Amino acid sequence: MQIGFIGAGNMSTAIIKGLIDSRFTSPEQVTLTKSTAERSKAQADQLGVAFSSNNTELVQQADIIILGVKPQKLPDVLNEIASEIKDSKKIVVSIAAGFNITKIQSFLGDEAKIVRVMPNMNIAIRRSVSGLSFSDNFSVEEKQLVSELFEQLGVTYELAEKDFVTFTAIAGCSPAFTAMYIDGLTRAAVKNGLPYELAQAITLEAVSGTLELMKDKTLSSWDLINQVSSPGGTTIEGVASLENDGFIPSLFHAVDATIKKDQEMSKE
Ligand SMILES: NC(=O)c1ccc[n+]([C@@H]2O[C@H](COP(=O)([O-])OP(=O)(O)OC[C@H]3O[C@@H](n4cnc5c(N)ncnc54)[C@H](OP(=O)(O)O)[C@@H]3O)[C@@H](O)[C@H]2O)c1
């Protein structure tokens, strides 16, 4: 099985490294392209994989094509490869935000086998949570193959496409939202006298330990909040302050804004 990557930036590079590290794929099974042949060669040499001088040639040689270009570049790429995809059994994986299956099929034909995948940046350490949504012409075996591929890179969830935007908001965007939370705690500690590096190291340990505890003990958020909020104590003062300042409504707004933007991009 040959896997072709159109676009080899942050995401595709992390996927390629993860697939090779997990031995799901050998370097000989991977081909990539970037915006120019020179850049493709340089990146391929660095990763120890093959490159194609153009996207059409790459598609001809691949069984699975992973589209790793930015959403703005996707229409041009889809137009470029459409004739190679039509009437073929090739599987096209899109990781682009704002492009639903119908929109991709409008370029590649209604019969094209499209799987939309939303990984997150944690894929770089094979800890992604990836949402998968398939067009309705996939066989069980084909679905299994794509699922197994992304399981090498973390956890996967198959979703109805209507739920994809919500998944994107809480999983695709989660690294950024979480980093903002960590940054807020870190800089609040700096304001109170701790050096930045020390404050960030402490915050990271506290946050990752909390996540482990919640998973290990299968605690809900409110189970944990109740456990650490002693009556009349310090934690409940902070919790009440966050409530007063609209911490939870801000997260609702952020998720809603992300969903709205994704829906707008799908309509363009
Ligand atoms: N980053 C995230 O956290 C994240 C999460 C989920 C999904 N995604 C999605 O993943 C996709 C890629 O994001 P990214 O962060 O990896 O972007 P990126 O680092 O900017 O990589 C984009 C790649 O596309 C290449 N490219 C541009 N035009 C091309 C063309 N005509 N033919 C072939 N390759 C071309 C670029 O090559 P050059 O370097 O030569 O310009 C670059 O290698 C996006 O659709 C994004 O929405 C990203």
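Every residue gets a Cβ built from N, Cα and C, even glycine.
Residues or ranges marked as domain 'Pyrroline-5-carboxylate reductase catalytic N-terminal' in TrEMBL: 2-98.
As annotated by TrEMBL, NADP(+) binding site applies to I6, G7, A8, G9, N10, M11. Every protein chain shown contributes to the tally, and the Cβ of I6 (NADP(+) binding site) ends up with 27 other Cβ atoms within 10 Å. A strand conformation is recorded for I6 (NADP(+) binding site) in the three-state DSSP classification.
The Cβ of N55 (NADPH binding site) has 22 other Cβ atoms within 10 Å, all protein chains considered. According to TrEMBL, the feature NADPH binding site maps to N55.
Summarising the annotation, TrEMBL assigns domain 'Pyrroline-5-carboxylate reductase dimerisation' to 161-265.
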Within the chain of M11 (NADP(+) binding site), which residues six or more apart in sequence place their C-beta under 8 angstroms from its C-beta? G68, I95, P119, I123
Find the shortest Cα-Cα separation between N55 (NADPH binding site) and the binding-site residues I6, G7, A8, G9, N10, and name the residue that gives it. I6
Taking 8 Å from the centroid of the Cβ atoms of I6, G7, A8, G9, N10, M11 as the cut-off, which other residues in that chain fall inside it around the NADP(+) site? F5, S12, T13, K34, G68, V69
Return the count of C-beta atoms lying within 10 angstroms of the C-beta of A8 (NADP(+) binding site), excluding that atom itself. 28
Cβ-based isolation winner (fewest other Cβ atoms within 10 Å) among the binding-site residues G7, G9: G9
